[in-house]
């Protein structure tokens, strides 16, 4: 139990009438700030506490601790002919007088940038670009930063053909026949777009002026321009954000409303489909999230549906979520991805991990909030069902890791110059979610946990933090439940590799799925002909399954069923009649599906069943998608059964993939 000493400082708000009688200490703790001594955590975890919080980010070459960024202004020009963005960035800086060099030098991150000139308070300044240090780039060193505590830094630059922040597509590579460019800056690629303090620990407000022959979207609110120059697009971001959240795209973009504060942008040929896919749900998601946390702070919430090569499901660029076209399933079955990106408006964008070691604070919280949103709308069993799907994805992710001992821990250690992209996996998402779900459960359920959610996001709004700041806040908020919190095996949850302790999930929406999958595994070993299977199974079996249930069904089949009695040596490749019968009987819901999640799981089942006639279909499909969730495991699957086809397919399509995706697939294939 948490005891004195403590210092009491009154809060600006008192909520005594709404509190149940839980003891004076509880009342006090919820409504005043308690300044507690450190080392309140269990000793085993206290021993891991860093010397300072937030922990220093080792994935930057900048001296960001020596300066505060008061504002950032981007003045950019997009050239499709040169596949380059040029222009300038202007920082309003303040010296913090920390560190041994007392800010005599200013260090910024760059990567494959052509830095042309540097000016401080209008005067030209000397600078050097240090030798490249993989994978962190090249440090930009500016001497004699300024004799003033507050000063303006202007840097002129141009991106190069080695830029990892942008993907350029010529007119032949887009379905609309116009060139296109989009950015992807997370985790450490902002430094390849413009010189910056490329760390999530540094936030600033932004303005941007972007010249392009084609429409532009940006991670901010469009400022109406009264000038006659229609090729210049101006934006403002009033909420401080880190550099990695900047998002820029330019191409043949059209727009349509999808809610009172939301617009969808995409190429004209898919605009109507995108509008239909999103218009029923986006505002509902926003209002539901506001009830769980607090008011949406960013004003507008817009969505850019990107080109096919976009590598992620979505990117939470503030005001302008970047989304994959694989969300367009023509039945609104993938809309929950938008709930995830929307949830980032609080977790990740408003409250941010201080370094990529603590990425779970972004993504674990976001998955938790995403599932709270869909649970509030569709019911608690739906939330638990989504968690079951996530648990399976987590197991698959860890099983496929080349170094699970290192990369399956919740808190990472990237302090040896490891590229954060190399550590990217489902772990921070699903392991992080399961920790928060476990805390919700042991602390008394949603009614007990929701006040902490609001407190946490208000306390760290517009700030960056590490795991220990999260833990300290948790313990401070629940002083009367210290014994419960101490019972958590923090060492296992945060620092041990592998799967976490499994929470209890409601399986109501999964039970029928498991039963049908088990029946197929059982019957595959006994029935001999297609007619036999048609007499036992019917398309009506899955008629009422939603897309997530279909995904779980196919995934459970590849795991040889769910039953405790499932055969250990079962192999679908030994039962080709059963495999083909299943796909034939359920073809309307599975084979003909336009939902990319279902389609991918179908291909996975076909590979497990070694249906060789289907390998080419998977290879062709890999040329139509760019989302790494499908591309990377797709190539691994194909490589496991036909390496020659996998290599030929990658060679054919590699230049259509985003640079990050291309590099990671090369690693996966051992190239």
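Keep in mind that glycine also has a Cβ here, set from the backbone N, Cα and C atoms.
Per Swiss-Prot, the features are as follows:
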{"type": "BINDING", "residues": "184, 185, 186, 311, 312, 313, 314, 315, 316", "note": "substrate binding site"}
{"type": "BINDING", "residues": "340, 344, 363", "note": "Zn(2+) binding site"}
{"type": "ACT_SITE", "residues": "341", "note": "active site, proton acceptor"}
{"type": "ACT_SITE", "residues": "429", "note": "active site, proton donor"}
For the Zn(2+) site built from 340, 344, 363, further residues of that chain with CB within 8 A of the site's CB center: 314, 316, 341, 343, 347, 348, 362, 365, 366, 367, 369, 370, 429
Cβ atoms near residue 186 (substrate binding site) (within 10 Å, other residues, all chains): 27
10 Å Cα neighbourhood of residue 429 (active site, proton donor): matching binding-site residues from 184, 314, 316, 363: 363
Residue 341 (active site, proton acceptor) - helix vs strand vs coil (DSSP): helix
Cα-Cα distance maximum in Å, computed over every pair in 184, 185, 186, 311, 312, 313, 314, 315, 316 that the record assigns to substrate: 15
Cα proximity to residue 316 (substrate binding site), best match among recorded positions 340, 341, 363: 341
Binding-site residues near residue 340 (Zn(2+) binding site), in sequence order, restricted to 184, 186, 312, 314 and a 10 Å Cα cut-off: 314
DSSP three-state assignment (helix, strand or coil) for residue 429 (active site, proton donor): helix
Nearest recorded site to residue 341 (active site, proton acceptor) by CA-CA distance, among binding-site residues 184, 186, 314, 363: 314
